[in-house]
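Okay, so here's the structure we're looking at.
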Amino acid sequence: ANVFVSLLTTDQQQQQQQQEQSQNNFDDYSESSRDINELDQELHLSTVIVNNPSDSSTKAILTKEDTRETWSNNCDYLITTLGGLIGLGSLYRFPYLAFENGGAAFVIPYVLICVLCGIPLLMMETALGQFSRKGPVGCWDFAPAMRGIGIASVVVSFFGALYYIMIMVWGGLYLYHSFSSIGSPLPWSDDVGDIPFTNNTKRITNSVEHFWNTTILNISEDFGGLSTFHWPSVIGLLIMWTVVYLCLWKGIKLTSRVAVFTTIFPYLPMLALFIRGMTLDGAWSGLRYYLIPDPQRLLNKKAWIQAAGHVLWAYGIGWGTIPALSSYNRPDYNFYNDIV
């Protein structure tokens with residue numbers, strides 16, 4: 001009887017210890033779950049899958065992401081992206097390329113390259129920026145050998161900004177001279193004044209080219225020596241870079257507001273130019289040549305090359321713009337509909 005009581009007591013003690021151990025494990029699990037939930041609310045958590053080459057096993061590592069800001073709504077991201085991609089260059093360049101490559105027939109290679117090349121590359125760059133939550137260089141950290149792609153895109157954007165902002169300055173100078181000559185002929189019109197013709201005349205040029213070379217560019221007479229600064233261009237550069245800084249220094253919150261204007265504004269001068277062009281002599285003949293396709297041009301590789309170049313230019317592929325903007329998306333944002 002004593003042996004039976006002893007065995008029963010030992011069995012009860014073991015069961016009690018197991019229950020206590022189970023309760024402790026459950027408490028530890030609950031505490032860990034609570035800590036993870038609290039941490040998940042404070043910080044963005046992402047799971048990165050890595051391979052261990054020693055034993056070929058795969059394991060998940062929980063990494064802590066930085067507190068990168070996100071777009072306030074999906075519309076801000078869409079408008080800002082459109083504002084960065086749609087510019088006067090891409091809007092005016094497409095009609096010119098279509099006119100040079102068979103009119104409406106140019107749409108065929110353009111659409112094919114968009115579907116087969118442009119949209120897949122656009123989705124790839126968007127996914128890289130969104131799921132890495134990093135810019136055009138950092139988004140390639142998962143493949144160190146590919147970091148050169150991100151560095152190259154930054155270099156291309158840097159040099160592109162240097163010449164593109166100068167074009168904006170020239171446009172600003174034309175805008176200034178247009179408003180400063182209200183009530184009088186434009187400075188580049190034929191009615192401004194007479195150009196004296198003497199025996200030492202070297203070249204005859206029209207008023208538009210003369211204004212461009214002397215007032216806007218201030219071209220030197222020869223290549224020898226150093227000329228002075230063209231102060232209107234210098235002041236215009238300072239103003240433009242200041243505007244760029246003011247648009248960026250508050251982050252994406254202010255950039256999205258500015259993008260509303262920069263996205264809609266290019267269509268206004270384009271509409272004005274279209275109306276003006278349709279009122280000129282021979283407008284319908286040019287429009288008919290533009291719309292009637294010439295299938296023979298499709299056999300020329302130049303049309304396909306220019307269509308591919310325009311797709312990459314219009315979609316901003318390789319400039320680093322798409323990864324930079326999409327890096328502010330939420331990781332669960334569905335960008336497929338926006339791209340299509």
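Using N, Cα and C of the backbone, Cβ positions are placed for all residues, glycine too.
No curator has checked TrEMBL annotations; they are predicted automatically.
What TrEMBL says about this one:
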REGION    8-31  region 'Disordered'
COMPBIAS  12-23  compositional bias 'Low complexity'
TRANSMEM  77-95  transmembrane segment
BINDING   Gly83  Na(+) binding site
TRANSMEM  107-128  transmembrane segment
TRANSMEM  149-176  transmembrane segment
TRANSMEM  229-248  transmembrane segment
TRANSMEM  260-284  transmembrane segment
TRANSMEM  304-325  transmembrane segment
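Proximity of the transmembrane segment (77-95) to the transmembrane segment (304-325) is established through 3 or more Cβ-Cβ distances under 8 Å for residue pairs spaced 6 or more apart. In this chain, the transmembrane segment (304-325) lies close to the transmembrane segment (149-176): three or more C-beta pairs between them fall below 8 angstroms, excluding pairs fewer than 6 positions apart. Counting same-chain residues at least six beyond the ends of the transmembrane segment (229-248), those with a Cβ under 8 angstroms from any Cβ of the stretch are 165-166, 168-169, 172-173, 217-218, 254-255, 258. Gly83 (Na(+) binding site) counts 21 other C-beta atoms within 10 Å of its own C-beta, drawing on all protein chains shown.
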